[in-house]
């Protein structure tokens, strides 16, 4: 068993439905295999009194010919499993082969085969099977073939989409470059790597096959020389009044087997994609807290945002992952802060924590957030005043956000104008239609979206236009603080620069406070006064922009601004691997970056570094911060430009 | 106008598929073992009569000619005569369709509405104990063989408790018009609709749960929450509206399969619909009826798929017409 | 609602019956009529109504009565010439069409001649007819071109389907019997008159007060189309109609349940049919007479009867059925169950058990009717016990039939027919017999069977058929298993249905309800 399979199995068994269904399935399999040695009467033996209700002697009673029903149910399991395994295997075999060919070769081959898959979607399959079996005679092998003949397009579609993603992979390309023939590449590389979801789907196929066979048998089209559950129910129907147990027992058996297969498939699917079980959902009710006593009215120099010791933890199964692990910073009114780090460092989680839009499996465990001097989060809990959460009162009117990947951040089925209108009217219920339209036009003009595009749906806009629409949406209510989360990802370079330039421009014009979250030092350098570098949930260095490029005092910052490829490689996604596992973090006492740091010493591995203040708002969490700070980066004044090149 | 052009275009695309289905249908019946002419002429008929039957049904012509003639007939809406009753197949089928639509349509409406609602509620609390329980239950529901569920309902409510009729659509001596007739049909519908709807309900709960939870995880839902829309509005305007798209697709396909989906249920409850007709035709090897029913059903599925496409296009602005 | 509606319905139902003190009879039938003209072709849905609207010359159902060759319907009496070629029928003088015209011999001649001209199904029964003459209004003389002892019984039996007499004065101007106004608004001379046909649900008839044998007891007769056996059964149990004919009947195993129910009478009716096994003599093993005999020994009719028929069927040990007792040769008897003897015979025949315990393998098939299904299922078991590797090989009805016609079978259950005339043996066992699926051929039998059909002396005929039965039981190309018995259910108080003794000589065809009396009449 491969490690992945073992892991999937463990995860499957970890859930109650998974464990239960696997157990039921295995018991049924074992019983079916052990049928000959269980000491049951011959299932065809008409040896007993007719129509005996269940009793100590015949646990499930006897049928119209005096046969023992328990024994027939047990032997019937063999037939059901034969059909299930036979049909599923055959279907997967045909489907994977054709799906792989379609996906691999593409072009007209794909067109033709996809058409064939489509046709099968449009055929009433059960009826087709019925027709085949009715016309060609009822036998188990024919039934299996007929089921496979109508279900293979299901596997084929799955395999096709797998192959489409697989065929660009390096090893496939390498094999081809080495001169391997196509069929060999398909059989050796493509199918084995794409088969996992198809096999998972196999459990569903098995369930379908069993139900189909049972349905056929129930219509009198089962194999007559075999004891099948469907044909037992078929027989039982005629004796429903006299001997209801004849149809009850095989039906329960059918239900158990098919349900266990379907549940198992479901559980495996969840085990392979854990987020399927928990993603989405309504926002969780969280414990709240009252406003702190003695809050003073905000003064002109009150910072727009103060964050103190913020900690955000994700729950993934039994594990707890600290994505934000004690972050503090202050953003003055009108200021701009760039938060930089690689994916998985916790920067986006930090962004979501500020707006309280984090997913349900995330939780603030500690920390305070103050907006314009008033606490909106206290001790990790949202502050509620007069029955309303303070953050809710700030949303969009004072604090808005520009989400990454605007394609999905805008409602795809509503026009851009309509979305702005909805937001506007939500917060300004009294606004007239004309006023609203005028305001929208104003913002559009400001952002540089032609008025003709106002009624477009998001998908009808180019990437840059869409991102502008997102910015327009965020500005519609004239907020004081905008949190821009990777606003330029997935845009081409030219557009990125334009958008970043526009954000910087707007900030000045509207006196916005800005937090710009990005993986890209260059992007941040252009738009922000201060840059915070995050690594593994912590701000490892924070400094005014010029300073951080000129005298980076943390080795990680140096790797970020250098043109070097990352030393650590991208950290894995939070769901699959922790940025830091809190348990692990507690056990480890050293510097988080030590494992990848070229300058790490024993001290680094032994003790967590303190926050070293380097003056002028420059702080670095490194034992050797002062040494690094003293040593300017190679081309201090050209730093932003260099970082920009690095992006290219 | 755009919709109409799209419709025509899709209709054109359906043509080869329809042809393919016709050919499959024809091939299957003629590849099958057994001599059709014996059934026509009846047991022990004299050879002359048998020959005249063969001639009038064209059974003695070469296969390709039969296929050609068959295609020509279909184009004229002529599906031939039933071997058994000598009535036009199209009439026999048409006569059965309302009963099937009534049964399966009611079940589908009930199951889809309830299923989508339950699924959507569950999607709001993913991973909760209730969600796990409902998921497990809905999987169990669609794992039940519908005919067995039907039998059990009959056993409980018709045989044991005698509350409801076990089979048929109307009472033999019941009223033929007015409210009494409607009530009588409703009484007959309860058990078959329950059986069919229960199984479909499981499917729709699952589908809706998956679809809604997927949309709830979409960034635009986060945007909506960040903007500060009330949760109700987020749910309807953003989540459900988008989640309906895949549900509509499945519903459309299901709608097409409606006519055949009830073969087993109609057989158990002796519901006088198309499914039951097919079953009877297969048992008596009434070839024209089998071929006709298969064609009609396939065409219905295609039509439903077409309408679904149109509906989808209307619902989802991203679909390019 | 669920509780109230039935009560309401019941009240509504009860009302007309009480108020009018009329007898209304609802008869369930499986198929909707295609037309109400019975002549052109056999129409399972039309037989019920038309058999009660029209009269026949002579008629007989599928053999429920001992020793009767045919019942006179319009024919009050008849004479057969000694050489069995001339049949002279005297018609009932009071017979009248529903429009008031008298029924005459010309009507009979007109009807039969048109049937022959058009080649309708019934013409096969008139194949040997040379001429039909009408010396007077009440006399019909039919002359055959060769002697045929089976003519009268076969024609009587065929008449109940497609041999009904049409009024010449209404039909003479029409093409065939399938055009014109009277196709679906029939004018007949039978006990009931046509009232209306509600397509898709019912045909309504009313009593013919001027019927020549007296007005029927039932005032209103409704043939209701109920295609489904389950529905019919549920409605019967709900009291919607008083008679559930055998074609709807539930499994015999449930008979004890019905017998225990005081609200239901179970009626068993014997028939001319048997359930038997056809053995394909082309099969490697079955071609051996010893093997066939061994199978006869291996088979246990008593066990079958217990398992499948609640011990209510009569095992068939003779090459005949007891409803035609006068033709049975009791000296020609199939062996009784003896498994040891069967094994012995199989060893002798050169089919010892192999290493796997099997001697040879056979496939057992049969028509898709419940009793044959049960018989074959049990037979497979019994054959396997003596080392014959038997397997079921079932098909839908028509595939099965074409397979046995093409002799693609080993052993098949079959519904052999012995009546209404013993000429049926010729059909079954002579080399070119239409129902000889076994590839059986015996020169002596061929000769006897051909000759017996032309012999009018009953004693001589009987001797010939006795010999035929001896030969058949000696060679065993087939083995009789059971006599068919039909089970119908009737509500107490109702009598005179075709399947009941009181109906045998009054309702005279399967579909006739002339003799039916309801509970109100009994009081």
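Note: Cβ is positioned from N, Cα and C throughout, glycine not excepted.
For reference, TrEMBL has these:
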COMPBIAS  A:288-299  compositional bias 'Low complexity'
COMPBIAS  A:630-648  compositional bias 'Low complexity'
DOMAIN    A:77-265  domain 'ABC transmembrane type-1'
DOMAIN    A:305-561  domain 'ABC transporter'
REGION    A:279-299  region 'Disordered'
REGION    A:629-648  region 'Disordered'
TRANSMEM  A:20-40  transmembrane segment
TRANSMEM  A:79-107  transmembrane segment
TRANSMEM  A:119-149  transmembrane segment
TRANSMEM  A:170-191  transmembrane segment
TRANSMEM  A:203-221  transmembrane segment
TRANSMEM  A:242-264  transmembrane segment
Handout entry: Top partner of the transmembrane segment (A:170-191) among A:79-107, A:119-149, A:203-221 - counted as Cβ pairs under 8 Å
Key = A:79-107
Problem - For the transmembrane segment (A:79-107): best-contacting stretch of A:20-40, A:119-149, A:203-221, A:242-264, by Cβ pairs under 8 Å - result: A:203-221
Completion exercise
Long-range CB partners for the transmembrane segment (A:242-264) (under 8 A, at least six residues beyond its ends), listed in sequence order, are 12, 17-18, 20-22, 24-25, 28, 51, 53-54, 60-61, 63-64, 69-70, 72-73, 76-77, 80-81, 84, 203-204, 206-207, 210-211, 214, 229-230, 232-233, 235-236
Problem - Arithmetic mean of per-residue pLDDT over the domain 'ABC transporter' (A:305-561) - result: 86
Completion exercise
Reduced to three DSSP states, the compositional bias 'Low complexity' (A:288-299) has 0 helix, 1 strand, 11 coil
